[in-house]
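One structure below.
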Amino acid sequence: MAAKLRKFLLRYYPPGIILQYERDGVMKQKPIDLLDLTPDVDVEVLLSQIIRQEPLISENRRPALRQLIHRLIDKMLEQQHHSFTLFKVLRAHILPLTNCAFNKSGDRFITGSYDRTCKVWNTFTGEEVFTLEGHKNVVYAIAFNNPYGDKIVTGSFDKTCKLWDAYTGQLYYTLKGHQTEIVCLSFNPQSTIIATGSMDNTAKLWDVETGQERATLAGHRAEIVSLGFNTGGDLIVTGSFDHDSRLWDVRTGQCVHVLSGHRGEVSSTQFNYAGTLVVSGSIDCTSRLWDVRSGRCLSVKQGHTDEVLDVAFDAAGTKMVSASADGSARLYHTLTGVCQHTLVGHEGEISKVAFNPQGTRLITASSDKTCRLWDCDTGECLQVLEGHTDEIFSCAFNYEGDFIITGSKDNTCRIWKALTASSQPAGPGGAGGGLARPTTAFSYND
């Protein structure tokens with residue numbers, strides 16, 4: 001039976017259109033990624049290209065498709081020039097924080113702490129929703145199962161990982177198997193697998209539905225401190241103190257490539273959205289760009305004078321940034337490899353960096369007790385977020401880019417709100433990893 005297109009769904013970050021179609025009575029989704037979309041694109045040429053390449057879309061869908069493309073362009077053109085003001089100071093924990101993370105919609109976030117708990121917060125009121133208790137040591141690594149946001153996973157120095165209901169706080173499973181501390185973790189975008197990385201030199205894959213271990217990823221010769229899935233969820237990258245990163249096949253648990261070349265411990269790794277590239281940062285003062293298919297190093301980014309502590313791609317994968325203990329961040333154009341800007345101004349090391357969903361702004365968190373907001377086009381520092389009394393080690397934007405959270409060793413978490421943002425969840429959104437809301441949806445019954 002031929003597939004029938006039933007609905008278009010819009011995804012803003014990164015730009016794309018999700019095709020919802022029916023085949024043999026089963027509803028499925030297929031993304032059309034528009035990662036290179038710009039406001040000056042020739043829309044009619046783009047429409048013809050999509051219709052020519054995608055069998056599900058016939059010529060009579062052109063008007064609906066045109067409207068969606070214009071919606072994406074309008075979203076890009078929205079002014080992102082607002083500054084941020086302090087909204088709430090949360091005396092979050094009695095002991096220092098370890099990490100903080102938003103859910104996809106941005107209405108809730110979580111904080112982990114040395115006090116052995118994880119707390120869930122309402123972003124728009126600053127109130128604690130509930131506390132996740134049960135770990136016997138530091139809660140270090142935490143995450144929502146975005147884009148769904150209905151589960152939370154916590155990784156602890158007690159060697160276990162716990163899976164929780166994000167709405168009720170109910171404990172689903174305690175995942176046991178690591179021999180030492182768990183320091184990094186992630187859900188796959190499909191929310192079916194959890195990956196955990198440990199100081200025992202291994203990573204493990206766990207089944208979300210059953211809580212059972214699916215595989216142990218063994219091969220690193222030192223601690224695993226970074227990991228992440230690609231968008232398709234079929235590959236995982238791990239970064240280790242053994243100077244290497246590794247690519248693994250999630251289905252088999254086998255190592256696909258060893259990414260060797262750094263001359264010091266790997267501190268951070270990440271896939272681009274398309275899943276074609278991996279960036280790694282190292283204490284050897286460099287970051288490296290790797291080809292996923294071949295495992296080959298495409299380029300070595302030099303220029304920092306001290307350890308690279310964090311690396312990141314923007315949502316579309318067109319920009320890449322490295323943050324360093326030298327107090328600077330370096331912003332690159334991914335395709336050309338050119339360093340567009342060196343972001344200088346912090347008086348201490350930068351341990352965390354994050355793009356806003358639009359890829360127009362960047363925040364850096366520093367030991368100088370401040371966060372800085374940067375313009376990605378000009379490299380200009382737009383704002384210094386001041387008020388913390390100790391090192392800031394965590395920072396994040398929500399999905400709409402109008403709220404920022406910062407976590408500090410002063411035991412507080414601060415919520416910063418864009419001056420144009422309402423205190424309610426921001427308007428329509430879509431979601432970036434395969435789940436999209438029908439903000440503009442066209443349905444077909446033929």
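Keep in mind that glycine also has a Cβ here, set from the backbone N, Cα and C atoms.
Annotated by Swiss-Prot as region 'Disordered', the relevant range among 231-254, 423-446 is 423-446. Listed by sequence, the residues of this chain that lie at least six past the ends of the repeat 'WD 2' (134-174) yet keep a Cβ under 8 A from its Cβ atoms are 98-105, 108, 110-114, 116-118, 120, 180-187, 189, 191, 194, 196, 198, 206, 208, 211, 431-435.
Within the chain carrying the repeat 'WD 6' (303-342), a Cβ under 8 angstroms from the stretch's Cβ atoms is held by residues 13-15, 35-36, 264, 267-274, 277, 279-287, 289, 348-355, 357-359, 362, 364, 366, 368, 374, 376, 378-379, 432, all 6 or more beyond its ends. Helix first, then strand, then coil: DSSP counts for the repeat 'WD 7' (345-386) stand at 0 helix, 22 strand, 20 coil. Taking Cβ pairs closer than 8 Å, the repeat 'WD 8' (388-426) reaches residues 13, 80, 82-97, 99-102, 104-107, 109, 111, 121, 123-124, 126, 348, 351-358, 361, 363-367, 369-371, 373, 432 in its own chain, all 6 or more past its ends.
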